[in-house]
Amino acid sequence: MASVRPCVSVKPAVRPVRYRSTRAGPAGLGRLRVCSCSLALGGDGGCTRSSGRSVDVSGAGLGLLGGDGLRIHRRGGREVLAMCSASFDGVRPAAVASAVQPVPAFPERAKVVSLVAAIMLLCNADRVVMSVAVVPFAAQYGWSSSFVGIVQSSFLWGYVLSSMVGGALADKYGGKKVMAGAAALWSLATILTPWAASRSTIMLLAVRALFGLAEGVAFPTMSTFLPKWFPTHERATAVAISMGGFHLGNVISFLATPIIMSHIGLSGTFAFFASLGYLWLSVWMMNVESDPIDSHTISKSELQLILDGRIGSKVQGSKFPSLRELFSKTQFLAVTLANVVNNWGYFVLLSWMPVYFNTVYNINLKQAAWFSAIPWAVMAMSGYVAGASADFLIKSGFSIGLVRKIMQSIGFMGPCVSLLCLRFAQTPSVAAVLMTIALSLCSFSQAGYMCNIQDIAPKYAGSLHGLTNGIGTVAAIVSTIGIGYFVQWLGSFQAFLTLTAALYFSATIFYNVYATGDLIFD
């Protein structure tokens, strides 16, 4: 890094920078020896001078020259590159060598959100492998439907614990390290799952709990990570893209798992998905930082855009609020209840959809996977529509609280009505359409309660998301096990789906009455 030392100057000018070029004009710029000195007119006479260093400058990078930036002219037959930030209006930041870097093909935050979306895809894909594989597992080991529910829920036992601490870990150690460690651990547990199933049911449940322990970190870490990289008016879109990857994990795994399983068996299928996690890990560690301030590849203009729109950076808090203080706020309770109901319904559909189509419509596993995959594909696209729409409404002047309530109402009432209509479906195609509608509209919750936690407590977004998600995971455990017992006792899915629809309706009313977009915890 270039060294910086103070200097004193009385001349309201900037020392020019000399360089050699093989061609005339900006297009011919090659390696430059860059230094700068700037003076704010009317200031205290102080300035900074950066010792020279070489940087690459392309013609495209100099397309932005003009105004107060860089100037190229000739002096005594030599071309001169001058940097000037002096102004008669006051002080402007001095241009530095990093400002002369080539303009990247796409913003750094686009690379970041792409990698977050990729790991969220693998996070869900690794879950769904078990949702599909549980059918041959049950046939091989003679599991009852109630025990299948226990196996499906076992990963949530560890998930509920790590969800509560994942955000705090990310807040303390940085999202990069925590997400990397989580991905490495759940990929290992994925590899071990078939081996554990062949040993004993206790070993299987332990490995699946370890799997959940690692995956529980992903969502709260994402909630800590994304607000650091995206300004407020882009945040819902960033969450939507990341969650789009998560939902596509369902699609890919539901469709690919039966095919891969038929070629390389159960153990090979789990190993295949785990290897993708380690491949992602190698890319993540070399290309991402927890905070854009620490990035060596981000442009100055992009960094300024992020910092200007980062609410959390402007909030100065004293200490984490107590549990009593948290749960005394109905605004926080609204977010928590929304998380509970969302997890309840989501895991019912995630864990039991292949079994539902196989049991109710008597279709084989590959067909069940296809019918199960279609809704998640649409959900990934509708989630992006929800995020972009929410950001558009906020930029158009709608209050943040109103936008969150609109999105959350769609996210709950859509699946509520769809699940009630499911009892009238006579064919698997009609059922798939209703499931698709339910899940596609459910994705609007991403721009509702999921972003709302960042509105009311930006400083503690990761920790509070982990807390609410942990509580929601308890509800997911109850619903995942509960539907198994309902099917075993009543021989029907419909009663439990009706109960889920009632919960969606009640939570919608509570959220609209008590939720807010205002800062609650600072």
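Note: Cβ is positioned from N, Cα and C throughout, glycine not excepted.
Annotations in TrEMBL come from automatic prediction, not curation.
Annotated features, as they stand in TrEMBL:
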type	residues	note
DOMAIN	112-518	domain 'Major facilitator superfamily (MFS) profile'
TRANSMEM	145-166	transmembrane segment
TRANSMEM	178-196	transmembrane segment
TRANSMEM	202-226	transmembrane segment
TRANSMEM	238-260	transmembrane segment
TRANSMEM	266-286	transmembrane segment
TRANSMEM	332-353	transmembrane segment
TRANSMEM	373-394	transmembrane segment
TRANSMEM	406-425	transmembrane segment
TRANSMEM	431-452	transmembrane segment
TRANSMEM	464-487	transmembrane segment
TRANSMEM	493-514	transmembrane segment
Stretch-level contact, the transmembrane segment (431-452) and the transmembrane segment (332-353), CB cutoff 8 A, at least 3 pairs: yes
Contact between the transmembrane segment (145-166) and the transmembrane segment (332-353) (at least 3 Cβ pairs under 8 Å, separation 6+): yes
Which of 178-196, 202-226, 373-394, 493-514 contacts the transmembrane segment (238-260) most, counting Cβ pairs under 8 Å: 373-394
The transmembrane segment (406-425) touching the transmembrane segment (493-514) per 3+ Cβ pairs under 8 Å rule: yes
